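Pasting a structure here, questions to come.
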Amino acid sequence: MSTDPTSKPAFPITDEVRHALAVTKRGVDELLIEEEFAQKLAKSAATGKPLRIKLGLDPTAPDIHLGHTVVLNKMRQLQDLGHTVIFLIGDFTSLIGDPSGRNATRPPLTREQIESNAKTYFEQAALVLDREKTEIRYNSEWSMPLGADGMIKLASRYTVARMLEREDFTKRFQGGIPISIHEFLYPLMQGYDSVALNADLELGGTDQKFNLLVGRELQKQYGQEQQCILTMPLLEGLDGVEKMSKSKGNYVGISEKPTDMFGKLMSISDVLMWRYFELLSFRSLDEIARFRGEAEGGRNPRDFKVMLAQEIVARFHSQADAERALEDFNHRAKGGVPDDIPAVTLAGAPLAIGQLLKQAGLVPSTSEALRNIEQGGVKIDGATVSDKALKVDAGEFVVQVGKRRFARVTLTA
């Protein structure tokens, strides 16, 4: 036994603790420091005091997509183990703008944008988290009262040299790309959140590792027990290349219609499907490994893609919605028209095909409409449109763009 009076008592690593550690580690990129976290779990089990687990999200956009749920799923697993989950809305840090992974300064949001986005943030996150067991906090609670004096004192706790250890800052500095002083404040303020919340564990994407470590360092300086950090992989988007992002158009929003969600998930590659199983499915790793073995043995990978799509749709909607989405998908695959397509009434016949598609809400612009026509992706009542100069006469007809976009159009003069 250690004679060091500052050493902490060791708590027994029981089977319960080993199970909790295994649940925690599933699908993670990194857990720092694992031995410390095992002791935190052991202490929690021995004392009955739950750990305080923090996830901060800046409301930079109003919608949450499946990429966000990778870390939310992990929060739910930890919540189900009995720990306290803190869903931290970064309404103050959003005013600064997170520079993580950026090669240029990210423009900060306005207060109005932040408040608007934050309204829907937790409602969507609650589709994953247990609402009754989640503590919701806003970091403006402790960041706003700091004032200039407190901000300067906080800034004195970290050096510019340490900030430049961060890869994205280093690249910008070496490349002569400007770095604003306020960007150095972001990791400091995120780290200070951990001090204010006395966090035991903080979660984030792999691009957040530096910021999470700042929190650990600040806790030490403030005399707190240091948080452990857990980073989750960034989910690739539908293209399988870049990370899922609304701005890149390769995302699946968790509030999308069941049919749209199902169709998007069925569009991913067979290779990407296994990545989605690992990061998004709640099935056991043994079951996923068995599925993969069956696919390699000759079973159609589509069977497993359907299972994945149904599981995810059911989670955010219902099992009945998932079944209907499958029926709808199979119907469309056979060339059928879905039952629930929107009805649109337009005027101005004869109307240019590009304008018709745009006004019907099937494309964002006429240039996008013309591109789809060039690719043979536009149909009127099942007939492919090839003439980009087509003028559509008055009447009622079904218009289709791509595989999933339909509208029942009534066009008048």
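Placement of Cβ uses the backbone N, Cα and C atoms for every residue, glycine included.
Pulled from Swiss-Prot, these are the listed features:
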BINDING   Lys246  ATP binding site
DOMAIN    351-411  domain 'S4 RNA-binding'
MOTIF     59-68  motif ''HIGH' region'
MOTIF     243-247  motif ''KMSKS' region'
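Map the listed features onto the structure and describe their local environment.
Under DSSP, Lys246 (ATP binding site) is assigned to coil, being neither helix nor strand in the three-state scheme.
Confidence across the domain 'S4 RNA-binding' (351-411), taken as the mean pLDDT and rounded to a whole number, stands at 90.
The motif ''HIGH' region' (59-68): residue composition by secondary structure is 3 helix, 1 strand, 6 coil, according to DSSP.
A Cβ distance under 8 Å defines the sequence-distant neighbours of the motif ''KMSKS' region' (243-247), meaning residues of its chain 6+ beyond its ends; these are 61, 63, 65-67, 234-237, 253.
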Count up the helix, strand and coil residues in the domain 'S4 RNA-binding' (351-411) according to DSSP, in that order.
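Here the numbers are 16 helix, 23 strand, 22 coil.
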Across all the protein chains here, work out how many other Cβ atoms are within 10 Å of the Cβ of Lys246 (ATP binding site).
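Result for Lys246 (ATP binding site): 16 neighbouring Cβ atoms inside 10 Å.
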